[in-house]
Amino acid sequence: MAKQRPSLLLLLSLISLLLSPPPAFSFSDESPTARRILVLVDDLALRSSHSIFFDSLVSRGYQLEFKLADDPSLSLQRYGQFLYDGLVLFAPSVSRFGGSLDQSKVLEFVDAGHDLILAVDSNASDLVRGIATDSGADFDEDPEAVVIDHLSYAVSDADGDHTLIASDNLIKSNVILGDKAIEAPILFRGIGHSVNPANTLVLKALTASPSAYSANPKTKLSSPPSLTGSSISLVSVMQARNNARVLISGSLELFSNRFLRSSVQKAGSKTIYDKSGNEQFVTEAAKWVFHERGHLKAVNVKHNKVGETTEPGIYRINDDLEYSVEIYEWSGKSWEPYVADDVQVQFFMMSPYVLKTMSTNKKGLYSTSFKVPDVYGVFQFKVEYERLGYTSLSLAKQIPVRPFRHNEYERFIPAAFPYYAASFSTMGAFFIFSIVYLYHK
Amino acid sequence: MAKPLVLHLLLLLICGSALLSSGSVIHPISDAHRSAATEFFVPAADGSFGSLEETYEALRTFQILGLDRSSAKFEGTCKTVSEKLSSPTTTKDLYHALKITAILGCRTESIEFDGITSRLQTAVKDASSLLELYYSLGGLLTVKEQGKDVILSDADGTFQAIKALSQSDGRWRYDKDSTGSSAFAAGIALEALASVVSLAGSDIDQSKIAVVRKDITKLFDRIKHYDDGTLYFDEKNVDPDQYKGPLATSASITSGVTAFAAVSSEKLNIGGEKILGLAKFFLSIGIPGTAKDFFYQINSLASLENNRISIPLVLSLPATVLSLTAKDQLKVEVTTVFGSHAPSLAVSLLKVLTPDSKEVTSFEKKELEYDPENRIHFLDLSPLKIDVGKYSLIFKVSVNDPEGADLYATGDQIIVTAFLTGFIKVDKAEIAVSDSDAASESVQKLDLSKESLISLSANHLQKLRLSLQLTTPLGHSFKPHQMVVKFRHESKVEHLFVPETSSRQYKLVLNFLGLVEKFYYLSGRYEIELAVGDAVMENSILRSIGSIELDLPEAPEKAAKPPAQPVDPLSRFGPKEEISHIFRAPEKRPPQGLSLGFMGLTILPLLAFLIGLLRIGVNFKGFPTSAAPATFAILFHGGIGAVLLLYVLFWLKLDLFTTLKALGFLGVFLLFVGHRTLSYLASTSAKQKTA
C-alpha cells in the first residue's frame, strides 16, 4: 500500500498537468490563432448587458473566460507562463483584484506583449486609473467629473444633462478602425482623460469636441475645468514597443448593447442614424487590439549583387546590389501580402548613407537596388517601418564593405601612355644599343 | 465562498442602480423589442431554433409579441416535434414539445395523447426532483389545455411532494437530497403547484393552498429594491453553478406567483406596488443581451400583463427634455407593460421639485388633460410659468372606476426627472481694456449673435474687463454650468478663466500685472474664446470673440518656462525623405589625344637614335664567328630581350611575384651567358691589341 502511494501521487499530478489549460503566448508569427482572453468584470450581469461585443469576439474564434475581478483564484500566469493572450478589464470599480493579480502584474502582462482593453466609468477606482496611467492615459482626477458637452451631445428624449456625447472625431486610420468609414456618431458617457504628452506611443482614437469639458454636472463650476476641448480623449489606443496593444475607454457603456443598438442624433444636426457607430467602432477597434489587423511580419530578407543570386559575405565599394524583403499582414485568418508604397530600406553606418523607397510587386515582395557607397566599413541594411496602427518592423542585417583590391584598379590609363612609351622606347633603345656597342667595328 | 458572493451582490446593486438612475423613465414593450426578437431568434433552415427548449422559447416570445408564426413557416417544426412526442424521450423534451405543438397549433390527429398522458402520469409518480415534477405536470397541463381530458391521479400526494421541498423562508429545494435552497426553484415550484391545482379540479384542500400563500408572502419578504421603487429577486448563498442572476430569478418567481394566483380561489395578498416594482424591473432592463434573458423578460411581463393579483400600469413620458421655446407639451402615457391602453384614469401633476428638492411654489396641483385620440395625457407648460431647469415631476395616477382601482397597480407617486430647456438671452456683453487707475476705459460692445471679431491691445499695467448678462425666457438671471473664457497664445499655451457672478451679471476682470507669471511672460496675440453652456440652454455658445495683443515684460531668468506643447504623435509616422549617397568625383584627366600626342613625342628620341645608327653605318663585324661564342652571344641578347619582354608582360598582366621569380631565373642565366660572351669579347680584343 505504502509503495503504491508515490505512484498514485505521480499519476494525479500527471492528470492535473494534462487537465490544466495549455499555456498561452503573446501574438506570435508562428501561432497567431487560438487566442485566450480573460474578461474581468465586477458584475457578471455585464456578460449579458454587453453581450453583443463579447459575442463578436467569440464569433471570431476567441475563447473568453469571464471572471469577477475579485475572484480569489485570479492569476495571469502559472509556472512563469501566461495563461491568456489578452485581457479585457471591464471592472471599473474594483479597488483590489482577487488572487495574485495587481497593477504591476497587469503591467507585466502588457510588457510581455499581451493586449489589453480597459474600460472605466464614473466609478473608476484608483487601481484602474493607475493601470490607465501606466499606459499613458491620465483620467480626470476629480472622481465626480464626467465629460459634458453642451454642443455635440446626443439628442435624446430621456437624457437632458448632456453627458451622453455623440462624437465623430475619430482617428484617421483605416488599420485601427477598418476600411469602412464609421458614419454614425459614437455614443459615449463616462469620464475623460488626457494623453500623456511625454508618451509618444499613445494616440487619441476618439476625441471630444472643442466645446466639451470634464466636470461634475451636479455642482457649480467654481474653478476652470482641468480638461477641456479637444485635449480630452474619450478613447485612446496605445501600441507599445513590443507591439502589445492597449485600448483605454472612459466609458464602459460605449461597449454596451444599449449603446450599440441605440439610434443617435447629434445636437444641431437633422440626421438621425438608426444605429450608433458604437458597434462598428468597438468591433473594429477590438480587431485591431487583438492583432487581427495591422500586424506585419517580414520574411525572406535577401540581398545580392546585381546579376547574381547568392548572398555575398562582403561587398566592395561601388558594387551594385539588390535588396528584397517580403512583408505580410495578419488578416485574422491568414497572412496576406501587405501592399504599400512607402517601405524604405536604409544602408546604414552610424547614419543612413542610402535611404531608398522600395518598389513592390503588390504580392508582398519589396525590392530595390542601389550602388554601395564609396565608403568602406561595417554597414547595416535597415528597414525601420513605423506606420500609424501597424506593428513596427525593425530589421537590421550587418554587412561589411571593403575598398578596391590593388589589382582592381584601372590598369591602362591613357594619360599614362607617354610614361609607358618612354620606358619601353628606352628599353628598346637599350637592347639595340647593347648589340651595336658590343659588335660594331 | 460567501464573502465574494456578498461582495458581488453589492457590486451588482451599485451597477444596477447606476444603470437605472439614468433612465428612470421606463417605457413599455415596443417595436424595438419586436425587431430585437427577430434578431435574437433566427430559425435554422428547418424552422427550428436549436434544441426543443430554445425553439419553445423563441416561439413563445413570438407568440407574446404577436409576431408571425404561421404554421407554413414552421411546418417542419411541427413534424419533428410530433416525431419527438411519439418516441421515448425525457419529460423536459416532452414538455417543450407539447408546448410547441400548442403554440404552433399543429395538427394533433397523429399524436397519441393517451400514451403521453400515461407516460407523464408515471413520471409525476416517480419524480424525485422538482424539475422533473415541473416538466411532467406542465406537460399534463398543456395536454389538458388542448382539450383532452386529463385528471391527475394523486393530486394531493403530488401537491404534498412538492410542498415537502419548501423551506421555512419561502424558498424551495431542487430535490430532497440537496441542502441549498433557491428562490429560482421557488418560482418553479409555485408553477408546478398551480399545475397540480388546475389538473386536480377542486380536490385540493384549501388549507394547503393557504399554506402556500403564506410561503409566497415570505418569499416576497426577500424582495430587493432600488431607490426608485424597482423591485427584483436575487439569489443569495447559492452554489455559483446554480446562480441564475436577478433577471432569471425574478422571472421564475413572477411566472410561478402569477400562475398560482390564477388558480387560487382567493386573491393573493401581495400588494400592487410589488407587482408594479417587478414590472418596472423587467422594463428597466431595456433589451437584454441574450435570447434567454429576452425570453425571461418577455415571458414574465406577459404573465404580469394579465395576472389576477393586480395589473401593473406604467407611466411613461415620450420625452423628458421639453423645450419652452418650441412650446412642448408635457405628455404622459399610461399603459400596461405591453403598451396596450389602460382603463379610464386621471393623471395629475402633484408637485414640481428643483434638484435641491425645493418645491416650485408657483405651481399648484394640476390634472392633465386627456387626448382620447392619441391616448395621451398632456399639459401645456407655458401657462404654468415654470422657468428653464432640471425638475423632478411628481405624478399621481388614479383609476376613475372605483372597482377597477383594485385591479390595477399604478403606484403611489411617480417621480420623473425632466428638463425644461429654453433660449437664453445674452445681454450687455462688453469687453474693455482700462488702465490700472480706471481713468480711461475703451469699451467695446460684443454682439454674440453676429460673427464679429474684436481686436484689442494691452500691456501688463492694464486690465481687461469682460461682462455679460444672461436671462431666462421668464426674465430671471441664468447661471449656466459652463462659463469659461479661454485665452490661447500663438504657441498654443492656454489659460482658462471662470467669470464671477455678481448681481445678475457675469464679470471677468483680468489684472495683467498679477498674471504675467501665469502667462509665462509670453507677449503676443491671444485668441479669446467664450464658452457658455448648460443642459437647459438651447443656444449654448462656443465662439471666438476676438484677440488681444498683449505686451508683457521680458521674462526674468528664473521664470517658469511655458509647458511643452505635445508634439503631434502622428508626425513620427510616414515615409522619410530619401537619401542617396554622393560619390567622390573621379580625378580629372587630360584628353586622350593629348596623351597620345605626348606618347608620340616620347617615341621620337628612339627613332632619332635608330636613324643616327643607320647614318653612322652600323656593322656587326665584331660578332663571334666560331660556333660556341656565337651561341652564347645569341643566348645573351635573347636573355636581355626576354627580360625586356618580361617587363612588357609585367605591365600587361603579370604581377610582381611572378615577374620577380622569372627575373631571378633569367638573371642567373644572363649572368652566366653574359660572362661567357663578355669574357670572349674581352679576350679577342686583347689579342688584337697584343697582335
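From the backbone N, Cα and C atoms, a Cβ is placed for every residue, glycine too.
Positions annotated as domain 'Ribophorin II N-terminal' by TrEMBL: B:29-305.
Secondary structure counts, DSSP: the domain 'Ribophorin II second' (B:313-403) has 3 helix, 47 strand, 41 coil. According to TrEMBL, the feature domain 'Ribophorin II second' maps to B:313-403.
For B:428-550, the entry in TrEMBL reads domain 'Ribophorin II third'.
Feature annotation from TrEMBL assigns domain 'Ribophorin II C-terminal' to B:583-683.
Annotated signal peptide per TrEMBL: B:1-23, in sequence order.
The transmembrane segment annotation in TrEMBL covers B:596-618 (among others). Sequence-remote contacts of a segment are chain residues at least 6 beyond its ends whose Cβ falls under 8 Å from one of its Cβ atoms, and the transmembrane segment (B:596-618) has none.
Per TrEMBL, transmembrane segment is recorded for B:630-650 (among others).
Under 8 Å from some Cβ of the transmembrane segment (B:662-682) lie the Cβ atoms of residues 622, 624, 629, 632-633, 635-636, 639-640, 642-643, 646, 654, all in the same chain and six or more residues away from its ends. Residues annotated as transmembrane segment in TrEMBL: B:662-682 (among others).
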Revision key, fill the gap. Taken over the domain 'Ribophorin II third' (B:428-550), the predicted model's pLDDT averages 83
Study note, to complete from the structure: In DSSP terms, the domain 'Ribophorin II C-terminal' (B:583-683) comprises 79 helix, 0 strand, 22 coil
Check your understanding: So how many of the residues in the domain 'Ribophorin II third' (B:428-550) end up helix, strand or coil by DSSP?
Key -> 4 helix, 73 strand, 46 coil
